[in-house]
Amino acid sequence: MKAVRAFAPATVANVSCGFDILGFAIDAMGDVVEVRERKEPGLQVVSIAGDGGRLPLEAEKNTCAVAIQAMLDELGKEVGMEIYLEKGLPLGSGMGSSAASAVAALVAANRLLGEPFEKKQLLPFAMAAEKVACGAGHADNVAPSLLGGFVLIRDYHPLDVIKLPVPEGLHCTLLHPHFELKTSDSRSVLRDHVSLKHSTIQSGNVAGLIAGLFQGDFELIGRSLRDVIAEPYRATLIPGFYEVKEAVKTAGALGMGISGSGPTLFALSKGEGNVQSIIDAAQQVYDSIGLGVDAYHSAINTQGAFVLE
Ligand SMILES: Nc1ncnc2c1ncn2[C@@H]1O[C@H](COP(=O)(O)OP(=O)(O)O)[C@@H](O)[C@H]1O
Ligand SMILES: N[C@@H](CCOP(=O)(O)O)C(=O)O
């Protein structure tokens, strides 16, 4: 019986100013999915490790199976597969947990089928899984998890996905406070309309961030991590947000924002030199409000998802 295992990395979506259109992959963590051929048609999620028994085994609810099913529907094939998921990412964390599962499953299943799709062509299937996970088929987690590096989704209709350069030495610290925030809940606090003033500020920062990545200008990257669209509403769901932001910037971070829909926060820095001070500064704030936190730090992952040989 043929079997393929694949890994897909965690991701930071939005990158502050790029709501639903920017994201990057991180090296520190990810999910692993093994897909095995089976005789009977249909998908079965056989086991999930590392989720504390909280994720659904039903194929129509688990992002691994939803993504593979979307791929099989496109191929018009009735194939039988068993899915074994090893969660490396905490749930509802803002580190693209639902996306990493979908992407790892797709990369494994695609290989099992003899690679009928190029990597980039797998994106719509992963987006279908995100729709099931949080009600919105956003691509800013699945695209960087699949392709690695910084990714821009210039348009959704039709999908236009562009890989951006990763300046050498750019480093990311992730601060994951000990509580869960579902993307669907964190999206529900957002407003449908954006003022002209805020639209101008936001576009300036998206353009600044992209220019900063192309020019390797760390200061420009840092001052472009500004979000006037989602952050003001989401910050109210994340205790200590503004205090942590001030503390990590004083400790040497280029800038800080909400990773995806939170509650994890991400801080970017030039090299690893300031990482311990950034973590210590954030830890002090979380201690003062009695909230536990896990800290991770990582280079930007440039490879994206891959088959584990
Ligand atoms: N394989 C999976 N991994 C993670 N979440 C999944 C998976 N399959 C379905 N889900 C659902 O997706 C939701 C979590 O996704 P989301 O709220 O976007 O959090 P995250 O930011 O961690 O991706 C949960 O409701 C969870 O039940
Ligand atoms: N653009 C989305 C990103 C959600 O990321 P996640 O890691 O929290 O799933 C949003 O901001 O809602």
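Quick reminder: no glycine exception, Cβ is built from N, Cα and C everywhere.
In TrEMBL this protein carries:
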type: BINDING; residues: P90, L91, G92, S93, G94, M95, G96, S97, S98, A99, A100; note: ATP binding site
type: DOMAIN; residues: 65-149; note: domain 'GHMP kinase N-terminal'
type: DOMAIN; residues: 210-287; note: domain 'GHMP kinase C-terminal'
For the binding-site residues P90, G92, G94, G96, the largest set of other C-beta atoms within 10 Å encircles the C-beta of G96
Once near-sequence residues are set aside, which residues in the chain of A100 (ATP binding site), 6 or more away, have Cβ atoms under 8 Å from its Cβ? A8, P9, A10, T11, G30, D31, G88, L89, N141, S145
For ATP, what surrounds P90, L91, G92, S93, G94, M95, G96, S97, S98, A99, A100 with a Cβ no more than 8 Å from their Cβ centroid? A10, L89, N141, G260
For S98 (ATP binding site), the number of other Cβ atoms found within 10 Å of its own Cβ: 27
Just give the helix, strand and coil counts over the domain 'GHMP kinase N-terminal' (65-149), going by DSSP. 49 helix, 7 strand, 29 coil
Please check each of the binding-site residues P90, G92, G94, G96, A100 and report the ones with a CB atom less than 6 Å from an atom of ligand 2, ordered along the sequence. G94, G96
Please list, for the domain 'GHMP kinase C-terminal' (210-287), how many residues fall into helix, strand and coil according to DSSP. 42 helix, 10 strand, 26 coil
Need one number: mean pLDDT over the domain 'GHMP kinase N-terminal' (65-149). 97
